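Working notes, structure below.
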């Protein structure tokens, strides 16, 4: 199973995401933002970082990179796509998922071991978790406050598209404690905290993040996104 | 004002030049004239003024710093020593590690965010310049009193500057210090350390060899920011019609630097450069003169080719600009196409601005007119050297007479109050408010970070090889006795490496002092250098480089002498490191090292407004035995946890250990006041399983280190004799200080 990891100028967690894919048993393939070529991968991760220095708005410039054209087409066709942190911001800018990520309510960058609840385990990226499983993975961002209008929020809640929710004190002011959401089909997931930094207790708060990567490998074996 | 050329300087030898405004002394100006055999052009004057500044030339410190070479231990580990952009150490398995600290104190007071941000950017480029991939940063910081209004301006700006730049570069921040003292109120210290890793064969040096090779400037375009940041610049002495006075503080763009790092590493991987230098303090003046004098000496540069952000810049300003995120490379003509191609891939501006010649002069032209014609060594290395007067300041003998007897707790309630006070005092309180603004996870190799004794990163995922770094300074002790203070800071940093089981390997430093023109400050500096050189010699640790920051004072009041010592260690297998705390109940807690009743320079004395007495005398032989014990105990998997004792003594070490995983401890000690609050150096708390006590006893005996039982782990409180402090209450005291102070 080949999972592509996109590098934009300013991407930081690309090597971490590739390592997580390998830990889960997959093959990580580097994708360069300037090549409109998915190299035959089965799924794609948009990793964290500060692509294009967060200029204009986070993800606003990356969204127009050449690689995004075939990627958007493939994701609309059902290919699993995970956007982590800056990748989540790119997904929102590309309108693959609704809403926007704004400056943390307290205006500071925050790096912390965050407890979250997996509320939807029917996506391509969360099927290895049990429903409502509580896990701890790092959260680290300056603009992670998820915002959308009331109607969208109602839709996301009604359709069970809140993939993960923060537990405890709201770390950044996200509406309804939203840590991650999916598209309608469940193949595209945007997630603010970083599962790729929690695949080994030696270098992270634990191994809870590995499930996102094993999920996608499993879902591809069993025939695409549910 | 028209272009001042070499021809004009010869034709018009007596023109009045603003050397004093540029920070040059009359005799320094005279020696420039002697070197050149004529008056300098205004461009040459600009170059000499920045390169002969204290910051670049080390003119006041050089005569003392040479001890680091003279007293140096012969070390096989040292691959590149003092003099290059950063020292390089062999850590085994074909890996080399480079690390260095630099100060960015003055800019950070003027503009906290940009000052701190560009401090990080500058040290990262130094490490990159050696051919290494930067892998971690640390930031030792010092501020005025925590509750002072100006600290509320400076501290949050500095923290977001360090975070804003480092986070965007994708470098984990693995530790540092935050210390408060009145003397830093008008002059905070912002030091930044970077660690980088490479293979031995990839080491790069700053030299421009091979006539015909090309000089390439790449990275950001040159602007008017930071002009004369290293010297004392009055910019109106230049072109009056140009842009108005600009701030001397540079403005950083971490995104450009991140791209520059990746672009440079790709260039290095294909072996496309002969020599390389980053543009930091003194900008192009520094890069061209250092590269040329590192090679055969000859270089021609066409200054009008430098890409500009601001087209109105004069040649003098282009030479002095400290615009960030720029590098200068020497490239063979056959490799230039590939070099430029990689730059294009990363959207990095790159321009050939000149070439290496077989001459001996650095010749710079501007639109065909010769404006600089100098022997590059005279700019880069042959600056003035001062043997400044020094004298032991009067306070030294006065404070030594003071008897330091702060009130000590004896009853259960006094012990509880003391513990809560120590937990909450700003110098010892939990620093998560600061470190949570830094990314510690990026790159996926961070094994330890704040609040551990040292930062530790893995450098090989297959073999598990890792390095640990700690920085320490104890300005209270350095104030009482700068010679011992330097040795004690060295010992503490080395101990902080060893508690995790890593073996100390090399030393770097950032020496922060007041004005060198004050004989008392110069004495503090000389004693510090002597202490550090003697200490490193005795401990067998090479000094790989360092940085001196003078003129840290407000009016006539200097900061406390603050030598920040960084020690790098190596650990063969990061998986086996000894953690700083325990997760289980029923472990035995022991203290390694003896405790005496000297409270001089302690945090408890500082809390009571006492700054006097006699600093401890460093016993480095004992420190080395303790380090050997810690490394041996780690190898035999003896320790469940080990934590250093330093500022705040046993009290804060116990607080940090029980709060780390919320597992309490029951401690039984005689003379609780001294036991908890004394800061006698050379002590470590260890936790071992009860089955391993006899092994610990024999190891302590073997290394002649005193061993004393403290108690056992477990419960939901820290219990000291008959005083019970619930962890919830302790945690609140420890963690609320910074939130209350800084929101």
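Cβ atoms here come from the backbone N, Cα and C positions, even for glycine.
Bear in mind that TrEMBL entries carry predicted annotations, made automatically and left uncurated.
The model shown is predicted, which means the values in this text are computed figures rather than measured ones.
Features as listed in TrEMBL:
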DOMAIN    B:20-59  domain 'Phosphoribosylformylglycinamidine synthase linker'
DOMAIN    B:83-198  domain 'PurM-like N-terminal'
DOMAIN    B:211-365  domain 'PurM-like C-terminal'
DOMAIN    B:452-571  domain 'PurM-like N-terminal'
DOMAIN    B:585-714  domain 'PurM-like C-terminal'
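Restricting the average to the domain 'Phosphoribosylformylglycinamidine synthase linker' (B:20-59) gives a pLDDT of 93. If you look at the domain 'Phosphoribosylformylglycinamidine synthase linker' (B:20-59) against the domain 'PurM-like N-terminal' (B:452-571), you find at least three C-beta pairs under 8 angstroms, all six or more positions apart, and that counts as contact. Tallying C-beta pairs under 8 angstroms between the domain 'PurM-like N-terminal' (B:452-571) and each of B:83-198, B:211-365, B:585-714 places B:83-198 first. Under the criterion of 3 or more C-beta pairs below 8 Å, with sequence separation of 6 or more, the domain 'PurM-like C-terminal' (B:211-365) and the domain 'PurM-like N-terminal' (B:83-198) qualify as touching.
Mapped onto DSSP classes, the domain 'PurM-like N-terminal' (B:83-198) shows 48 helix, 45 strand, 23 coil. Here the domain 'Phosphoribosylformylglycinamidine synthase linker' (B:20-59) is broken down by DSSP into helix, strand and coil counts: 25 helix, 0 strand, 15 coil.
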